[in-house]
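Copied over from TrEMBL:
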| type | residues | note |
| --- | --- | --- |
| TRANSMEM | 12-29 | transmembrane segment |
| TRANSMEM | 41-60 | transmembrane segment |
| TRANSMEM | 66-87 | transmembrane segment |
| TRANSMEM | 96-113 | transmembrane segment |
| TRANSMEM | 125-143 | transmembrane segment |
| TRANSMEM | 155-177 | transmembrane segment |
| TRANSMEM | 189-211 | transmembrane segment |
Amino acid sequence: MSVNELAYLSAYLQWAGSLLIVLVCLKYFKLLTNELKAIGIYGLASFFFQLLQFIGYFFFKGKSTNIVANIYLPIELLTLLSVYYFAFNRQMLKKALFVFSVFYLIFYRSQYISQLETLNSTAEAIRDFTIITCSILYFFILIRDLPEGNITSLPMFWINAAALFFFSCTFMLSLSVTYIAEVLREDFAIFWAVRNFLRVIFCLLICFGIWQIRTTHKSKFPLNQL
C-alpha cells in the first residue's frame, strides 16, 4: 500500500468515525444529556465538512481543501466548547467558556479570515491547547469531587479522555507541522494518515462513552457531577 493510499484509507475511516458518532447519538437520543447532544452535533458537523473536503479534493483538485478546513476549525472548537459548557455545572466556568468563545471568534476573524487558502497550524495549535486545558480541568474537578460509583461508567469520562488523547497528539503535530513538511516533503501524506488514524481512535472512544448511557441512566449515578 502506497503512502497516498494509506492517507485515503485513513481519511475514509475518520469520516466513518464521524458518521458512527452521529448514528450512536441517534440510537440513544432520548437518553442523551445536553453535552452528549452537543457531541452529536459535533459528529454531524465533522461528517458534513469532511464530505465537503472530499468533494473539493476530487472535483476541484484539492483547491478548496484548506478553505473548508479553516472554516470548520472555529466551528469545531466552539462545538467542543459547548460540550464542556453543558458538562460543567459551575456558572463561573460556563461564563468563562462563553467569554472565551466570543473573543476567539473575534480573534480568528481578524487574524485568519484572509488566510483561508493556507494551512493555519497556529490556529490549530490554539484549538488543541484550548481543548487540552478544558479536558484537564474536567478531570481535575472530577478527581477532586470524586462521585460515588464507577466513574468509568460516565459517558463524559470517555469523551473527555478521547479529547485529551487526540488533541494532545495533534497539538504536538500542529507545533511541528512546518518541520515535518520539510522532512517528509513528497511523503507529507504520512502526516495526514497518522493524524487521521488518531482521530479514528478518538471517534471510537467517543462512541464507547455515548454507549455507556444505556446503563448509566438506569442507575442513580448522576451523569453530570461537575
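Cβ from N, Cα, C; glycine included.
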*Given the transmembrane segment (125-143), which of the listed stretches 41-60, 155-177, 189-211 has the most Cβ pairs that are under 8 Å apart from it?*
155-177
*asked:* Counting only residues 6 or more past its boundaries, what in the same chain has a CB within less than 8 Å of a CB in the transmembrane segment (12-29)?
replied: 36-37, 39-40, 42-44, 46-47, 50-51, 54, 196-197, 199-200, 202-204, 206-207, 210-211, 213-214
